[in-house]
Amino acid sequence: MDEKVFTKELDQWIEQLNECKQLSESQVKSLCEKAKEILTKESNVQEVRCPVTVCGDVHGQFHDLMELFRIGGKSPDTNYLFMGDYVDRGYYSVETVTLLVALKVRYRERITILRGNHESRQITQVYGFYDECLRKYGNANVWKYFTDLFDYLPLTALVDGQIFCLHGGLSPSIDTLDHIRALDRLQEVPHEGPMCDLLWSDPDDRGGWGISPRGAGYTFGQDISETFNHANGLTLVSRAHQLVMEGYNWCHDRNVVTIFSAPNYCYRCGNQAAIMELDDTLKYSFLQFDPAPRRGEPHVTRRTPDYFL
């Protein structure tokens, strides 16, 4: 299809998605094919220029994503970096991930979308995205288009050579950013190893490496963060993956910050959400927000396990 014609169509899709109306199956298919072409050119450590606004987990909370854009600025006016976990748990995973992918295809230089541990075939079959696709489309094709696309998402991003952004955390198999650049990311998230760790690990108060209670990834202490940042010339590791009640949380003597962008997570946790604005000198400020007023919830039949991934 002619590029101009596609762009016009894409703008109509984005308009529709902004009203929380899903695309057709065939539209999703062509969107995902286009997105693959763009993402395949991106690095495992995708370079991003400031100013940029960094966001954590969204988890299918579509109306809260709208609130995020209201507070942080519309795309493409604001340059965005999302650190994964677009789907599962919330009621609108389909609309949420479709919108973010559509914005990526339309404004590729102004939005970066990384992979989270929920951007996986296995996890989405347990925590809601698979069932939602089935319910909204009557088959699993859309789930397949998206989960195939997830394999192409960059694992990490580097803002102006200084702020390292990723979903989960560090890995005992990785000392340098070059180690990450050398990984083959075009696969389902493995159960162990460096790629798994980047999407699953958590910072901890205890020093060194520890066994993660999540059953994947590791816990890592302040000594690990400091060593990693120093070795790679970084000032900060910015990550998501954990519910924090204020929406953001510093740890490891400000070597690590956690950002969580799903307010009142799972519609019951009572937390605030936050995003981190980095200006053109890399000065940061946090914007906190509460849930957007919601319409009536769709009826969801299956109750998912209560484990916070």
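Every residue, even glycine, has its Cβ placed from backbone N, Cα and C.
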Swiss-Prot annotation, Mn(2+) 1 site containing ASP57, HIS59 - matching residue among ASP77, ASP85: ASP85
According to Swiss-Prot, which candidate in HIS63, HIS167, HIS252 joins ASP85, ASN117, HIS241 at the Mn(2+) 2 site: HIS167
Non-site residues, in chain order, whose CB comes within 8 A of the mean position of the CB atoms of ASP57, HIS59, ASP85 at Mn(2+) 1: GLY56, VAL58, GLY60, GLY84, TYR86, VAL87, ASP88, ARG89, GLY116, HIS118, ALA240, PHE260, SER261, ALA262
Set of same-chain residues at least 6 away whose C-beta sits under 8 angstroms from HIS241 (Fe(3+) binding site): GLY56, ASP57, GLY84, ASP85, GLY116, ASN117, HIS167, GLY168, GLY169, LEU199, TRP200, ASP202, THR258
Distance [Cα-Cα, Å, rounded] between HIS118 (active site, proton donor) and HIS59 (Zn(2+) binding site): 9
